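What follows is a set of notes on a single structure, which appears directly below.
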Amino acid sequence: LLLLLEATLLQLASGFYHPFYNGFYYNHIMNDKGNGQEEVVSFNGAKLVVETPKDPIYSSSGANVTLPCHYHYEPDLEAKRKIRIKWSKLRDDYTKEQDVLVAIGKTYLAFGDFRGRAHLHQTGRREASLVVSDVRLQDDGKYRCEVIDGLEDESDVVDLRLQGIVFPYQPPRGQYRLNFHEAEQVCQEQGAILATFNQLFQAWSEGLDWCNAGWLADGTVQYPIRQPRKPCGGLHLAPGIRSYGPRHRHLHRFDAFCFSSALKGEVFYLDRPAGMTLEEAKQSCQDAGAEIARVGQLYSAWKFLGLDRCDAGWLADGSIRYPIIKPRANCGPAEPGVRSFGFPSKGRFGVFCYKER
């Protein structure tokens, strides 16, 4: 029985079963199985309606989140069959879906990265809400809640957005040295992922202005401009997101725009009177029960925890940076931000450490 149920769920998830609704509600359909027998499937004439929130659901990395979904019938009636529910994660262009979870009655099966993290929340009548625990950066995006009752199939979409920050990243080798796959890797090494266009647009609307082009998660290369200027597309162009469009993921090289969410821990600063080398800095963080902070963690601490420190410190990638919330004399430009001194080959500085709560 268990194998049969799992096979049914897998069949539903794979799209082999394609229910449809063409605008009419038939009293019955005829199903000729080739044995001379006709099977009559009765319909009740009621319309199935699926509803999800129109506003985005916000969460952060490491949190638990519920994506609400409810269904009902017009006119109201009690379903006589077990309802099938399918949750999928959509791409921005809606061209491909990632299976998240399928369920028949109270039995469900989660897929891929959602195994052990996704389950249904069905405490209410006709509820099909999805609960995702230990939210990850990759979970950001749109989700489809699909409810199937016999041949009736209706769905609606929930938008899950992670509270986060987009930051540009160049490797120690310098500007425009990353192909797409290398850009993915360097973002992961800094506790982040490649940003989506929607995340970059949100960052631009909040003030991000950066003249160097960088990879995004969809394989396009873009950059945000608040103040038009000659080296950044020209003075004649309005503020906005400049786009180079899709680029060859192996051959073309640019910087990266990374996305990091709120932290589950804290970032703190350590120093010695004579400063530290990079290796000494790593050891000092370990001695404090922590690890040397990554670039994404410093940006997140700056934005979400209000970290303000006018002392330069090592980070895990070998760069020297410091975060400023309140600009002041001898602490860089007049705007808040994370200042960078690049990747010094030598020198002695303090260090930013990260510790899980």
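Quick reminder: no glycine exception, Cβ is built from N, Cα and C everywhere.
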Recorded disulfide counterpart of C331 (TrEMBL; options C310, C353): C310
Cysteine of C187, C232 paired with C211 via disulfide, per TrEMBL: C232
Cβ packing number for C211 (disulfide bond), 10 Å threshold: 14
Rounded Cα-Cα span from C310 (disulfide bond) to C211 (disulfide bond), Å: 25
Pairwise Cα distance for C310 (disulfide bond)/C232 (disulfide bond) [Å, integer]: 30
Counts by DSSP class (helix H/G/I, strand E/B, coil) across the domain 'Link' (266-355): 20 helix, 26 strand, 44 coil
Counts by DSSP class (helix H/G/I, strand E/B, coil) across the domain 'Ig-like' (47-158): 6 helix, 60 strand, 46 coil
Rounded Cα separation (Å) that holds between C232 (disulfide bond) and C331 (disulfide bond): 26
